[in-house]
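Peer 1: Okay, these came from Swiss-Prot:
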- 1-249: region '6-phosphofructo-2-kinase' (REGION)
- Asp129: active site (ACT_SITE)
- Cys159: active site (ACT_SITE)
- 250-469: region 'Fructose-2,6-bisphosphatase' (REGION)
- His391: site 'Transition state stabilizer' (SITE)
- Thr444: phosphothreonine (MOD_RES)
Amino acid sequence: MASPRELTQNPLKKIWMPYSNGRPALHACQRGVCMTNCPTLIVMVGLPARGKTYISKKLTRYLNWIGVPTREFNVGQYRRDVVKTYKSFEFFLPDNEEGLKIRKQCALAALRDVRRFLSEEGGHVAVFDATNTTRERRATIFNFGEQNGYKTFFVESICVDPEVIAANIVQVKLGSPDYVNRDSDEATEDFMRRIECYENSYESLDEDLDRDLSYIKIMDVGQSYVVNRVADHIQSRIVYYLMNIHVTPRSIYLCRHGESELNLKGRIGGDPGLSPRGREFAKSLAQFISDQNIKDLKVWTSQMKRTIQTAEALGVPYEQWKVLNEIDAGVCEEMTYEEIQDNYPLEFALRDQDKYRYRYPKGESYEDLVQRLEPVIMELERQENVLVICHQAVMRCLLAYFLDKAAEQLPYLKCPLHTVLKLTPVAYGCKVESIFLNVAAVNTHRDRPQNVDISRPPEEALVTVPAHQ
């Protein structure tokens with residue numbers, strides 16, 4: 001029996017790790033959040049214009065945001081790469097042998113890429129986005145998963161509401177490269193005929209015939225659900241997420257608290273009150289919200305003084321969330337960047353090297369913050385119009401989710417004081433409007449300096465620090 005290895009504390013994340021031959025021992029989940037002992041293959045099921053790609057993209061964005069390496073594989077895009085010019089629905093007719101051959105080759109090419117991603121590139125979840133409307137096709141994909149050691153989870157989207165289908169068709173026409181520069185009525189007619197090509201052979205997931213499979217069936221964009229044999233934690237997270245999203249038109253407003261007394265002094269964290277300009281911003285925010293005339297707006301704040309003072313000026317009910325509190329800077333709370341460089345130069349350099357994963361001594365990392373904020377994302381997905389008054393690091397995390405930003409980009413997203421970001425979900429993404437409320441404030445954004453080496457001189461460490469009192 002091997003003797004226990006020595007432990008050492010990782011300087012970046014502040015977690016204890018075993019050492020082997022003088023080097024830290026790596027483990028399978030070094031780069032991501034490990035929630036399952038084997039990769040997961042998510043297989044979309046459903047007729048065209050049922051929201052499969054919408055679900056695929058949202059699910060991929062969510063899983064990547066919480067730290068699970070995920071990639072979407074859209075078979076339609078593989079087909080467009082092979083067949084450069086789409087002509088008509090006849091390509092999808094069941095008796096079109098050439099079309100069938102090309103579609104099968106594209107599906108196999110996508111599965112090869114799935115295998116590469118999950119088995120060679122360290123991926124945890126692959127989303128296979130295609131119609132997969134026959135039991136035979138789904139069995140082929142399931143067998144592929146079994147042969148490669150993947151857990152397979154099916155997500156079927158069923159729509160019988162004509163209004164939902166019509167709205168989906170409009171979105172597909174707007175977003176699909178197949179119908180660029182095509183007459184609208186002609187495109188609609190062709191797409192309806194394309195759907196008919198699948199309808200006769202469509203076999204929905206069946207509670208008896210498919211009782212051994214793991215799946216969720218989503219009816220009419222979340223009116224009801226059927227869930228069967230959830231196999232592990234990651235599948236339960238997927239089900240929970242899919243049961244929270246909706247497509248009702250709405251806007252989410254994100255802003256930071258008004259300028260604080262510590263912002264003026266260039267100090268991070270703490271629980272200060274608003275500066276005079278911060279109080280002026282709170283009044284301007286109240287006027288802005290009133291002018292917007294937003295139906296049933298909900299207002300959320302953190303439990304920190306500066307966000308609550310900002311919300312008080314609105315004169316409306318608001319809800320305080322502890323999870324919306326600013327990132328905990330640990331031993332560096334209420335310090336300036338200059339003081340951190342003087343007292344903890346190693347920590348300052350390590351944070352610049354990997355700002356997303358770096359954890360303050362006795363504090364948090366952005367990675368920790370994302371995990372803390374997941375309940376907020378779930379509730380934002382459930383809600384309609386919401387104003388979130390929060391903090392710089394928190395706002396960056398929320399913004400990264402809605403804009404699908406990578407972990408490396410997240411800590412450097414610009415979220416200036418006294419500016420409201422209006423996020424409006426659209427077909428496969430999010431429209432962003434930035435509204436500055438004309439109240440001056442200090443700049444608190446610090447870019448990554450060019451020199452992030454531990455031995456750098458102080459002036460190179462501090463070159464990107466914004467001006468302050």
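Quick reminder: no glycine exception, Cβ is built from N, Cα and C everywhere.
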Peer 1: Out of Cys159, Thr444, which of the recorded positions is least crowded by other Cβ atoms within 10 Å?
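Peer 2: Among the recorded positions Cys159, Thr444, the sparsest Cβ neighbourhood within 10 Å belongs to Thr444.
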Peer 1: Any same-chain residues 6+ apart from His391 (site 'Transition state stabilizer') with CB under 8 Å of its CB? Would you list them in sequence order, or say none?
Peer 2: Arg256, His257, Ser302, Met304, Thr307, Leu324, Asn325, Glu326, Ile327
Peer 1: Long-range neighbours only, meaning 6 or more apart in sequence with Cβ under 8 Å: which ones does Asp129 (active site) have?
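Peer 2: When sequence neighbours closer than 6 are ignored, Asp129 (active site) has Met44, Lys52, Thr53, Ser56, Glu72, Phe73, Asn74, Val75, Gly76 within Cβ distance under 8 Å.
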Peer 1: Measuring Cα to Cα, tell me the gap between Cys159 (active site) and Thr444 (phosphothreonine) in whole angstrom.
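Peer 2: If we compare the Cα positions of Cys159 (active site) and Thr444 (phosphothreonine), the gap is 47 Å.
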